[in-house]
Structures are given as structure tokens and as C-alpha cells.
Amino acid sequence: MSFTLKSVALVGCGNMGGALLRGWLRKKFIENIYIITPRQESVSPYLETNNVRWIPHPSQLDEKPECIILAVKPQVLGQILDDYQRFVSNETLFISVAASKTKKFFKTHLGDHVKIARCMPNTPAAVGLGVTLAVADPLLSAQHRLYIKQLMSAVGLVQWFDDEAMIDVGGAVTGCGPAYVFQFIESLSEAALSCGLKLDLENIQNLVQTMVMGSMTYLTHSGKPAAVLRREVTSLHGMTEAALNIIAGAEGLTELLTKGIAAAVQRAQEMSNDK
Ligand SMILES: NC(=O)C1=CN([C@@H]2O[C@H](COP(=O)(O)OP(=O)(O)OC[C@H]3O[C@@H](n4cnc5c(N)ncnc54)[C@H](O)[C@@H]3O)[C@@H](O)[C@H]2O)C=CC1
Ligand SMILES: O=C(O)[C@@H]1CCC=N1
């Protein structure tokens, strides 16, 4: 990479924090990474990397990092932010990846002057193929925005929004989205079994997974839109058309996904009111 970041503190190293960390470590562009989390287990796999240090509690971090990434559950944030008050300064940028917790929430806990951005990444960040939605506070400088862009584009695509509400709507698509894709693989495999495919489930999943990966790679390389490639598979009055009449028909996939995304957005709004 053509740039290096000096010091990043990651608060919480679970599914999302761990995925970001793995993505960042692949790129080797952060000089010092502090993982702040009470339990050592989640950090152990990374400690052999010599620029990663485990900090059990923020009171034990003796420098002000350039950036603090908050990657704990939304419900935990309210209990821990007081411990981060002492890092609030022009030099330290806070980035929350937590669903639902608004910039206003962080200002209530950390003060109006906190430099805060919200990001909604996804777990494929671990392999550098993530999508991060980002919204910056007006207090952030162009330099802060560049910092966020460098940090998050190291693990995939970055999309900025001015409207904070888009983090919930877009997050319900790209943040939650990997779960929909994995669910699709599980469901198609189970459907294959139910329809009489005589293989064990693991074998079927392997076929389905390879088909999904092949389709994605083909889509990427073909330069054609998904709708065109779909039509190329769908022979007039053939098998695919018979299936798609059901899967993509009235009350089919688009309708189901619309309802699912609306439910996720509603849940984000409910969680934003939790303490
Ligand atoms: N899992 C995902 O795909 C995505 C998650 N997010 C957001 O990321 C955040 C974390 O989610 P997950 O990683 O899935 O949860 P997780 O439960 O896997 O990870 C949270 C981690 O925080 C640690 N933790 C608990 N108390 C702590 C404390 N006081 N200080 C520091 N660390 C503490 C836990 O030990 C755990 O390892 C959530 O706010 C979620 O909304 C955002 C986008 C995608
Ligand atoms: O399910 C959740 O609440 C988090 C946010 C996006 C993905 N996982």
C-alpha cells in the first residue's frame, strides 16, 4: 500500500472486528494495532503478529491512537463509552461500526466535540472484498474523511452517504447481506435434498457453493449486467423459466427481500432507542 497508518485501536474483536482485523493484517499498512477487549481468547490468534497488542481495558492504553474503532454490540456501547472519554480530542477519530447507534448517541456519551464517523462494514472485509457504508459528522475534516477512506477501502468498497438514515437502509442490504447469501446457499441445498437429489447435504452444499462462486466470478468477468446473464440461462418455456415463475414471481424473492429489509430497518430503529 502506498500509505501507512500509525495507530489504530479496535474495541471488540468478535465477528465484525475480527473480520476487519484480518482484512487489515493482509494489507500490512497499520504500524500499531491495539485490540481492546476484556477476553484474551478472541485476540490470541493475532498476537503472533508483532504489531498487534492486546489491551484488556482502555485505562491500560498509554497513548492516544489516531483512530478508535468501536466494534462491540450496540447494547454494550452505552456501558463502555465513559471509559473512552479521555481519548476525545482533535487527534483521535472515533469510528463506530455498530448498527443503529447514531452520531447523536455518541455525542451524548462522548461530548459534542467528539470526532465521530459511522461505518457499516460487512464480514467479507476479512478477505478484502467487503462493502463499507460510511457517514461522517460535519465536524470531520477532509483529512479525517481521507483516513476513513484509506482504512476501509483497504478491505473493500466504500460508499459515502450524507444522510445518516442510509446507514440503516443500506446496512440492511450490504451489512446483513452476507447472511442472506449464506442463507440462500443453505436453502437451495435443502430444497435440492427435498426434491430428491441423492447426495448428502454437505456434498450438495459444495455444489451449490461452487455454482454461486462461479456465477459471481462470471458476472464480474463478463461485463454484462446480472439481468442479461439471467436471461442467457432462461430458455423460453424451459426449466429455469418454470422455476423463476415461482422464485421471482408475485410474492417471490423481491417481495420477500423488501419485507426482510424493512424488518431489519425497523429493528435498527428499535435498537437505536435502547440505552
Ligand atoms: N457481524 C456482522 O456481520 C456485522 C456487525 N456489525 C456491528 O459490529 C458490532 C459487533 O458485532 P459482532 O462482531 O457481530 O459481535 P460479536 O459479539 O461477535 O463481537 C463483539 C465483541 O466485543 C467483545 N466485547 C464485549 N464487551 C466488551 C468491552 N467492554 N470492551 C471491548 N470488547 C468487548 C466481545 O468479547 C466480542 O468479542 C455490532 O455493533 C454490530 O452491529 C456491523 C456490520 C456487520
Ligand atoms: O445483525 C446485526 O444487527 C448486524 C448489523 C449488520 C450485520 N449484523
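Glycine residues also receive a Cβ, built from the backbone N, Cα and C atoms like all the rest.
What you see is a predicted model, and the numbers here were worked out from it, not measured in a lab.
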Need one residue: from THR37, THR49, THR108, THR123, the one TrEMBL lists with ALA71, VAL72, LYS73, PRO74 for NADP(+). THR37
Widest Cα pair spacing in Å over the listed NADP(+) contacts THR37, ALA71, VAL72, LYS73, PRO74 is 15
Averaged across the domain 'Pyrroline-5-carboxylate reductase catalytic N-terminal' (8-99), what pLDDT does the model get? Just tell me the whole number, please. 96
